[in-house]
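Notes to accompany the following structure.
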Amino acid sequence: MSRALQHPSADQIGAIKAFVFFLCMLPAAQLILGWRADSLGANPVETITHATGAWTLRLLLITLAVTPLRRYTGLHWLVRLRRMLGLFAFAYGMAHFGIYLWLDHFFDWQAIANDILKRPYITVGFAALMLMVPLALTSNAAAIKRMGGRRWQALHRSVYAIAVFGVLHYWWLVKADILQPLIYSAVLAVLLGLRAWWRELERRRQLAAPPPVAPSLKGKVIRIVPK
Amino acid sequence: MLIKRPADIPASEITPRDLFDDRRRFLQQAGASLIAGAALWHGVPDNARAAATRLSPLASSPFSTTESQTAYKSVTTYNNFYEFGTDKEDPARNADKMAVRPWTVRVEGLAGKPRTFDIDDLLKLAPLEERIYRLRCVEAWSMVVPWVGFPLSALLKQVDPLGSAKYVEFVTHYDASIMTRRQILNWPYTEGLRLDEAMHPLTILAVGLYGEVLPNQNGAPVRLVVPWKYGFKSAKSIVAIRLHEKQPATAWNQSAPQEYGFYSNVNPEVDHPRWSQASERRIGELRKRPTLMFNGYAEQVASLYQGMDLRKHY
Ligand code: HEM
């Protein structure tokens with residue numbers, strides 16, 4: 001692999017980011033232009049609901065793929081795209097929810113509350129989106145600094161639950177054709193499975209390594225009970 | 001039933017729509033079926049319009065609604081016909097592969113005179129009528145479709161149902177070489193009605209829409225239309241109709257019995273377990289509208305269900 005690919009310059013990173021931003025905007029642009037041109041099919045509201053939902057989930061999974069990709073390719077700069085990908089997932093999720101509030105329920109809050117409480121697929125979708133809010137709000141350097149890396153990381157681990165809820169939402173909403181949720185589940189299973197596997201490897205490594213005892217204390221009696 | 005024959009052109013013939021976009025598909029279809037169906041058609045396709053697919057004369061029907069009709073393009077590109085794919089636009093893309101001639105429909109089971117009908121005989125069985133019906137899908141969208149067809153009762157009477165016949169089963173075409181092989185539902189897709197529902201004057205076998213031969217994706221060459229029930233009851237591309245004493249199994253009921261019952265009457269008060277059935281989006285409209293009991297056909301059909309608990313028999 002070339003050096004430039006391994007270690008892009010700041011300018012190159014900037015260009016890559018701009019390009020990824022552009023790519024992430026494409027589905028939205030397509031929907032907006034399609035809406036205006038009336039080319040979203042016979043039921044444009046459904047088209048938009050499905051497209052925004054699907055892109056929320058895809059972007060979440062792409063976000064979760066960053067760490068494995070980085071680990072297996074050695075392209076450490078990939079992590080610098082992760083925040084943008086996660087924020088785009090959130091933006092599509094909000095658009096998805098917004099369309100539902102507006103064009104499915106016309107802001108009938110009573111009916112919306114009922115729906116969220118009564119229909120499991122809406123309940124998990126809503127839970128997933130609500131769990132994304134704190135992650136979006138803390139996706140900036142200031143928040144990491146304020147919270148400290150450890151707490152920030154602990155909070156952001158909820159992304160695993162969000163992805164599981166997102167896939168569950170999909171399982172619960174399909175009528176008979178389970179192919180799509182099956183595919184998303186398989187991808188998510190690989191992404192989560194890798195993490196479980198890495199943990200296991202780490203556990204084994206720690207077990208195999210000599211206990212972390214300072215050599216100078218070896219063989220010495222350490223009195224831990226007062227005389 | 002009174003059948004009147006209007007002398008003038010049916011409204012559908014002058015309804016503006018996006019026919020030109022679909023010209024190519026029409027021409028293909030017309031070409032494929034020209035050999036067998038020539039008697040029905042007036043003229044041959046010219047290069048401006050596929051006039052060969054026109055069905056006439058058409059009687060109008062007192063059951064027709066005057067509500068504005070869903071655009072032809074929507075009716076023919078937004079379909080649930082899972083054998084050809086589960087995206088709404090898949091059937092319009094894939095159903096061309098189905099050959100709708102030659103085609104026969106076996107009418108069998110508890111019948112005094114069971115018989116296999118050639119599709120072209122079936123088309124001459126009764127005067128063709130235009131029936132402009134609301135169609136309400138279980139997915140909470142709806143359309144207004146000007147079907148062309150004739151009452152199913154006209155066909156059933158021909159085979160003399162026995163006194164023991166209480167139910168009618170509809171078996172649809174399945175051909176693994178042109179349709180999905182994935183077992184999304186039990187293939188062939190089957191549906192069923194009670195005999196009195198099947199004999200009801202609203203229940204028709206449709207062979208066309210918008211005054212023309214049914215496009216394949218809409219269930220050519222012959223499909224059921226039961227306007228007071230959710231759309232999936234209206235089986236497409238029928239190959240057999242069977243009279244039974246016992247209630248037959250139906251595809252969606254087998255797939256998810258707690259969600260799709262045998263009756264599947266449109267009912268705004270009984271929600272699908274996963275979504276509300278209280279309102280619907282009419283295709284082409286942004287706002288939703290309230291769903292009507294029996295899809296607005298309560299006056300004609302409510303008596304069929306007297307004394308039944310429609311929450312239990314959903
Ligand atoms: C308040 C939160 C949410 C609500 C109310 C909601 C609602 C909906 C609705 C009504 C549909 C269409 C169902 C149908 O047509 O039968 C849908 C589809 C979908 N939603 Fe959501 N959703 C929410 C959050 C999410 C989130 C957070 C994700 C992703 C992680 C997501 C992913 C999807 C997917 C993948 C689809 C299916 C798309 C397709 O069929 O191609 N949703 N959602």
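For all residues, glycine too, the Cβ spot is worked out from N, Cα and C.
According to TrEMBL, B:Asn79, B:Tyr82, B:Glu83, B:Cys137, B:Asn218, B:Arg223, B:Ser234, B:Ala235, B:Lys236 bind Mo-molybdopterin; the candidate from B:Thr53, B:Thr172 that the record adds to this site is B:Thr172. According to DSSP, B:Asn79 (Mo-molybdopterin binding site) is assigned to coil rather than to any helix or strand. Mean per-residue pLDDT, taken over the domain 'Oxidoreductase molybdopterin-binding' (B:100-252), amounts to 95.
Counting only residues at least six positions away in the same chain, the Cβ atoms of B:Glu83, B:Pro188, B:Tyr189, B:Thr190, B:Glu191, B:Ala235, B:Lys236, B:Ser237, B:Ile238, B:Val239 sit under 8 Å from the Cβ of B:Thr172 (Mo-molybdopterin binding site).
A coil conformation is recorded for B:Ala235 (Mo-molybdopterin binding site) in the three-state DSSP classification, outside any helix or strand. Around the Cβ of B:Ala235 (Mo-molybdopterin binding site), 27 further Cβ atoms fall within 10 Å across all displayed protein chains.
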